[in-house]
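S.K.: My questions all concern the structure below.
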Amino acid sequence: METPSIDIQNIRAKYLNSHDPYLLESKLPTTSPFELFDIWFRNVASQSDLTFEEINAVSLSTVGKDLRPSSRMVLLKAYTPTGFSFYTNYTSRKGNQLEENPNAAMLFYWPKVNRQIRVEGVVEKLPDEMAVAYWNSRPVASRIGSKSSDQSKVVPDREFLESKKVALTELSVREGAQAITKPESWGGYHLIPRYFEFWQGQSDRLHDRIVFERDVDVWLLKRLSP
């Protein structure tokens, strides 16, 4: 495979942070990483078209007992002062890896504001009643899509999935959306952080990296060289 004609080596974007040009310890609005995440998330939300931009999309990295890491994008569905929640299939590759090893990492990247946030911690399953409540709040088309797919399992072709979708759609028409119940293998996870890294890009590549690391019951703050 040949390198594309695009000059990849010389792609260098200009980073513009007009409101907060530098991430300085003396000017942090809070010493809580959860509060700083909230501030940054609200900031990018205020500058985004949420109809087309999924600012809650996050790269989730997991490692099973075979020590082979894997990453994929998932959608963050809630964040609280204790951590970050998402929903998926428990028998998917990520679900199996989390069962074997609950340590995981998240990476949020928002190029519009030249910022990214890394979060590392331990993942726990959310209570099933929370998963049921969220499942029932979803559009019926989303429920049908999720229930049509035994995530990460090999299927013969797309028609196999489409036939399951058609059957479930017909069921929902006959009996209502409540007939599309949550599968036992589907539920939520909550990542409880022990490490945050807030990164703000700079055009001269002297980027800002501020870390919060959990030490018993306090967060230690430090700056890393870019």
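Note: Cβ is positioned from N, Cα and C throughout, glycine not excepted.
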S.K.: Same FMN site as Arg72, Met73, Val74, Leu75, Tyr87, Thr88, Arg93, Lys94, Gln116, Gln151, Ser152, Arg209 according to Swiss-Prot: which of Trp135, Trp199?
M.R.: Trp199
S.K.: How many Å separate the two farthest-apart Cα atoms among the FMN-binding residues Arg72, Met73, Val74, Leu75, Tyr87, Thr88, Arg93, Lys94, Gln116, Gln151, Ser152, Trp199, Arg209?
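M.R.: Max span of the FMN binding residues, Cα based, is 36 Å.
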S.K.: Could you check what DSSP calls Ser152 (FMN binding site) once collapsed to helix, strand or coil?
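M.R.: Reduced to three states, the DSSP call for Ser152 (FMN binding site) is coil.
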S.K.: Measuring Cα to Cα, how far is Ser152 (FMN binding site) from Lys77 (pyridoxal 5'-phosphate binding site) in Å?
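M.R.: So the Cα of Lys77 (pyridoxal 5'-phosphate binding site) lies 21 Å away from that of Ser152 (FMN binding site).
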S.K.: Using the alpha carbons only, what distance in Å do you get between Val74 (FMN binding site) and Arg138 (pyridoxal 5'-phosphate binding site) once rounded?
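M.R.: So the Cα of Arg138 (pyridoxal 5'-phosphate binding site) lies 16 Å away from that of Val74 (FMN binding site).
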S.K.: Could you say whether, by DSSP, Arg138 (pyridoxal 5'-phosphate binding site) belongs to a helix, a strand or a coil region?
M.R.: coil
